[in-house]
Structures are given as C-alpha cells and as structure tokens.
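If you look up Swiss-Prot, you'll see HIS145 marked as active site, proton donor/acceptor, on the strength of sequence analysis. The feature active site, proton donor is assigned by Swiss-Prot to LYS149. Taken from Swiss-Prot, the feature NAD(+) binding site covers GLY9, PHE10, LYS11, GLY12, LYS13, MET14, GLY89, THR90, THR91, ALA115, PRO116, ASN117, PHE118, and the record attributes it to sequence analysis. Look at Swiss-Prot and you will find HIS146, GLY155, THR156 tagged as (S)-2,3,4,5-tetrahydrodipicolinate binding site, backed by sequence analysis.
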Amino acid sequence: MSIKVIIAGFKGKMGQAAYKMVTEDSELELVGLLDPFTDEKEVAGVPVFNAKEELAGLEAHVWVDFTTPKVAYDNTRFALEQGFCPVVGTTGFTPEQLEELITLSREKKLGGLIAPNFALGAVLLMQFAAQAAKYFANVEIIELHHDQKKDAPSGTAIKTAELISQVRPSKQQGAADEEESIVGARGADFDGMRIHSVRLPGLVAHQEVIFGSQGEGLTMRHDSYDRASFMTGVNLAIKEVVKRSELVYGLEHLL
C-alpha cells in the first residue's frame with residue numbers, strides 16, 4: 001500500500017523539490033497540496049487547497065511541511081490533530097512548542113519529525129561536531145545560506161550548538177575584556193560559543209564548525225549545492241514516521 005502524502009508550501013523551492021521526489025516514487029502517493037496564495041485548483045490531478053482547514057478529513061498518512069516559521073507550529077499541530085504524521089523542514093520552533101507537539105504526538109500515537117536539516121551529510125556533521133567538542137572546548141559555528149532565508153541563525157546551527165553544549169562544559173570564549181566596536185561583530189552567543197550567519201545570493205545551505213586548541217585547529221564543513229540534497233532525508237522520513245508513535249526533533253533519531 002502506498003503512503004498518501006500532503007505537501008504544505010508546495011510552491012516554494014523546497015516544496016517543489018519535495019513534489020518532484022514524491023511524484024517520482026512509486027511507494028508514495030500525492031493526495032493534496034497546500035499553498036495560501038496560489039489560484040491553482042489542481043496540479044496533475046492532485047487537488048490544491050488554500051487553507052489547512054480544507055484538508056480536514058482527507059485520507060492521508062503524512063503531512064510534509066516546507067512553509068514559514070510563522071505558520072509551521074499551527075500547521076504541525078493541525079496535522080497531528082487530523083491524524084497525519086508530520087515531516088517538517090520549517091524551522092523556528094521554540095522549545096515549548098516542540099514539547100507541546102511531542103506530547104500531542106504521544107497522545108495521538110503518531111510518529112513525526114521536525115528536522116532543521118534533511119541532508120544526510122549535515123546530520124553527520126552535527127554528530128561529528130558533538131564528538132569533537134568532547135576534546136575541543138573552543139568552537140565557533142558559521143552558517144551560510146541564500147539571501148531569502150527568513151530566520152537567523154539557521155535551525156541547523158542552533159541544533160549543532162545544542163548538541164555541542166550537551167558534551168562541552170559551559171565556557172565563555174574570547175578575551176574576558178573583549179569589546180565589540182560594532183555591535184554583533186562577535187556573532188550570536190550560545191552558551192559561550194559564537195554563531196555567525198552569512199546571507200548571500202548564490203548560496204543554498206552551508207555550515208562550518210571551527211574548533212581551536214593550543215597549536216592546532218579542526219574545521220568541519222558541509223555544503224548543500226542543490227535542494228535535491230535534502231530529498232533523500234525527506235524520503236526516508238516519510239517512510240519511517242508512519243512506523244513510529246512519537247514525534248522526534250532531528251533526522252538522526254530516524255537513522
């Protein structure tokens with residue numbers, strides 16, 4: 001039996017990549033598309049909806065969400081309430097929102113995933129960085145994205161910092177008396193480590209994690225040159241969440 005999929009935000013670049021991936025996989029069936037701004041009523045025989053409420057009662061298994069931080073929480077909550085397993089690539093959730101959604105998924109006995117990054121290489125980078133942080137306490141993160149990205153720092157950078165902070169003693173980096181001649185020059189402060197965000201046209205999604213110690217340095221980097229790099233992870237997530245009974249944060253929990 002094929003897995004029936006809804007894509008929210010299908011007109012965006014990630015949504016278009018997800019549309020292509022789902023329609024090319026014989027194990028998946030696209031049953032609904034959501035975008036509040038389109039005038040289209042259907043695409044290749046698949047119905048298009050302008051409001052999530054119009055999807056209530058639709059027979060579907062998985063809700064794929066590539067929308068905006070402004071609506072992602074409400075969308076994910078709606079999906080769970082309707083019995084859809086959410087696979088969410090939109091970032092910007094607060095810790096409180098994540099906890100609420102995880103609790104709701106347990107009540108509904110539905111699997112789900114919220115992931116800051118679906119590229120397998122990026123997931124590995126986060127894991128490798130957490131391993132290195134046990135031995136290199138001084139670290140800074142540089143994330144680079146296209147200039148249309150709405151949030152900063154990226155969800156991937158925040159997730160990386162969270163994983164590092166779990167194994168690294170809290171430490172304020174840099175000189176104790178350092179001063180910024182321009183506010184923000186040292187980047188965002190996360191538990192003493194610094195996160196820097198770059199936004200430029202031509203970029204897709206890139207991240208460096210730079211460690212420093214006496215007499216040596218270690219740099220880890222991942223690059224997504226095309227949004228197709230995320231689709232292996234999205235495909236894996238769609239097929240895995242239907243087997244689960246709880247929402248998780250981070251693709252690594254499904255690998």
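Glycine is no exception: its Cβ is also placed from the backbone N, Cα and C atoms.
Here the binding-site residues are GLY89, GLY155, and the one whose Cβ sees the fewest other Cβ atoms within 10 Å is GLY155. Neighbours of PRO116 (NAD(+) binding site) among the recorded positions HIS145, HIS146, LYS149, THR156, defined as a Cα within 10 Å of its Cα, are THR156.
DSSP classifies THR156 ((S)-2,3,4,5-tetrahydrodipicolinate binding site) as helix under the three-state reduction.
Around the Cβ of LYS11 (NAD(+) binding site), the same chain contributes ASP35, PHE37, THR38, each under 8 angstroms and 6 or more positions distant in sequence. Within 10 Å of the C-beta of LYS149 (active site, proton donor) we count 16 further C-beta atoms, all protein chains included. The closest partner of LYS149 (active site, proton donor) among the binding-site residues, by CA position, is THR91; the full candidate set was GLY9, THR91, PHE118. Most Cβ neighbours within 10 Å among the recorded positions LYS13, HIS145, HIS146: this distinction goes to HIS145.
Using Cα positions, the member of the recorded positions HIS145, HIS146, GLY155, THR156 nearest to THR91 (NAD(+) binding site) is identified as GLY155. Counting every protein chain shown, the Cβ of THR156 ((S)-2,3,4,5-tetrahydrodipicolinate binding site) has 25 other Cβ atoms within 10 Å. Taking the Cα atom of each, HIS145 (active site, proton donor/acceptor) and THR156 ((S)-2,3,4,5-tetrahydrodipicolinate binding site) are about 11 angstrom apart.
Among the binding-site residues listed here, namely GLY9, LYS13, GLY89, GLY89 has its C-alpha nearest to that of GLY155 ((S)-2,3,4,5-tetrahydrodipicolinate binding site). For PHE118 (NAD(+) binding site), the same-chain residues lying six or more positions away in sequence with a CB closer than 8 A to its CB are GLY89, PHE230, MET231, THR232, GLY233, VAL234, ALA237, LEU251.
Take the mean position of the Cβ atoms of HIS146, GLY155, THR156, the recorded (S)-2,3,4,5-tetrahydrodipicolinate site; other residues of that chain with a Cβ within 8 Å of it are THR91, PRO116, ASN117, GLU143, HIS145, LYS149, ASP151, SER154, ALA157, ALA205, GLN207. Cα to Cα, GLY9 (NAD(+) binding site) and THR156 ((S)-2,3,4,5-tetrahydrodipicolinate binding site) are separated by 20 Å.
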